[in-house]
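Q: The structure that follows is given in the form of structure tokens.
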Amino acid sequence: MPHTAYAFGPFHLDPADRRLLRDGAPVEVSARYLDALILLASENGRLVSKDRFHAEVWRGIPVTDEALTQCIRSLRKALDDDAANPAYIETVPRHGYRFIAPVTEAQSGAIPAANGPVPVVQLPAAWPGAAREVLAAAFGGAIAGIVGAIGYVMAGLVAPGVGAASTMLTLVTVNLVLGFAAGAFVGGGIAAGAAWGGRSVAWLAAGGAAGGLLVGAIARMIGTDLLTLFFGQAPVAMTGAAEGAIIGAASGIAAWIAARGESGTVFARIAPAPVLGAAAGAIIALAGGRLMIGSLAALADRFAQSRLRIDGVATQWLALVTAAECALFVTGVVAALVVARRLGPAR
């Protein structure tokens with residue numbers, strides 16, 4: 001690799017010092033991805049073919065084109081670039097990439113870092129991309145909610161009774177809204193954890209847990225307050241903050257695993273999600289917590305005139321149903337995040 005430093009926009013790329021600076025602040029980029037950026041900048045507008053990336057960055061190690069795609073996606077995040085309207089890295093379909101920003105050669109080490117300690121600029125700090133992922137997580141949660149509501153009836157766990165069509169529609173709508181809100185909060189927590197602490201498993205799990213805790217607390221407060229307001233009473237055993245925190249943490253860990261499998265298939269990246277979700281659901285059930293089906297059972301027990309009947313959810317089956325609910329939600333959220341990162345404009 002060349003030892004000349006490169007300046008473009010607010011960035012300073014120093015191959016000899018192995019770092020990328022933005023206005024004097026270091027930008028976190030992995031070693032291999034930094035090699036790819038150095039190769040692009042050194043060509044200064046000329047096409048860099050996929051074969052050159054494989055030969056000079058991966059040095060002949062067999063990798064799929066998806067690994068290169070993920071590399072470019074990460075570099076665009078680091079540069080706050082947009083694939084649809086690039087300022088730095090342009091895609092040449094089926095051939096490779098070129099660096100289109102004006103590049104000025106500079107002496108290595110000529111631009112010092114900012115005085116005093118500076119925060120590391122993390123890759124996920126591109127907030128438009130984070131907003132897209134939050135929305136994707138919300139839709140993933142909503143789809144999981146719809147599938148869950150239909151599954152309750154198909155499995156015979158929920159019997160709508162009189163007015164079956166309207167009750168079914170209400171159940172699906174409630175699950176859709178709750179799933180959308182839960183997905184948005186958990187996805188937002190994961191995005192916030194990634195932005196503040198990098199894509200480490202601890203930060204993603206903590207962010208997801210915080211989002212889940214918050215939405216669980218809000219949902220429980222609104223639910224119990226509304227029931228008390230209209231009917232003078234509300235079940236004590238309803239899902240809430242603790243359950244939300246556990247589900248959120250599982251979602252964060254699953255999202256971290258999916259992000260690490262950058263060269264794998266979509267299925268391989270999503271596969272751990274249902275396992276982690278089921279484990280989280282089992283923990284919730286063993287701790288005495290409840291998710292949707294458990295909360296519905298509590299409502300049906302408390303209000304004798306309810307048209308909703310809960311069948312087949314005896315105590316010995318509640319843990320299994322709760323694990324399935326949690327697995328469905330975590331899978332929906334993580335699958336939506338993976339698809340959004342693959343199909344959406346990389347920033």
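Glycine residues also receive a Cβ, built from the backbone N, Cα and C atoms like all the rest.
Curation plays no part in TrEMBL annotations; they are all automatic predictions.
Pulled from TrEMBL, these are the listed features:
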DNA_BIND  3-101  DNA-binding region
DOMAIN    3-101  domain 'OmpR/PhoB-type'
TRANSMEM  134-159  transmembrane segment
TRANSMEM  171-194  transmembrane segment
TRANSMEM  201-222  transmembrane segment
TRANSMEM  234-258  transmembrane segment
TRANSMEM  270-297  transmembrane segment
TRANSMEM  317-340  transmembrane segment
Q: Going along the chain, which residues at least six beyond the ends of the transmembrane segment (317-340) come within the CB cut-off of under 8 Å?
A: 132-133, 135-137, 139-141, 143-145, 147-148, 151, 157, 179, 182-183, 186-187, 190, 246-247, 250-251, 254-255, 258, 266, 269-270, 273-282, 284-286, 289-294
Q: Output the single range from 134-159, 171-194, 234-258, 270-297 maximising the number of Cβ pairs under 8 Å to the transmembrane segment (201-222).
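A: By Cβ pairs under 8 Å, 234-258 leads among 134-159, 171-194, 234-258, 270-297.
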Q: So which residues does the transmembrane segment (171-194) touch in its own chain, when a touch means Cβ under 8 Å and the partner is 6 or more beyond its ends?
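A: Answer is 122, 124, 130-131, 133-146, 148-150, 152-153, 158, 160, 203-212, 214-216, 219, 244, 247-248, 251-252, 255, 292, 308, 329, 332-333, 336-337.
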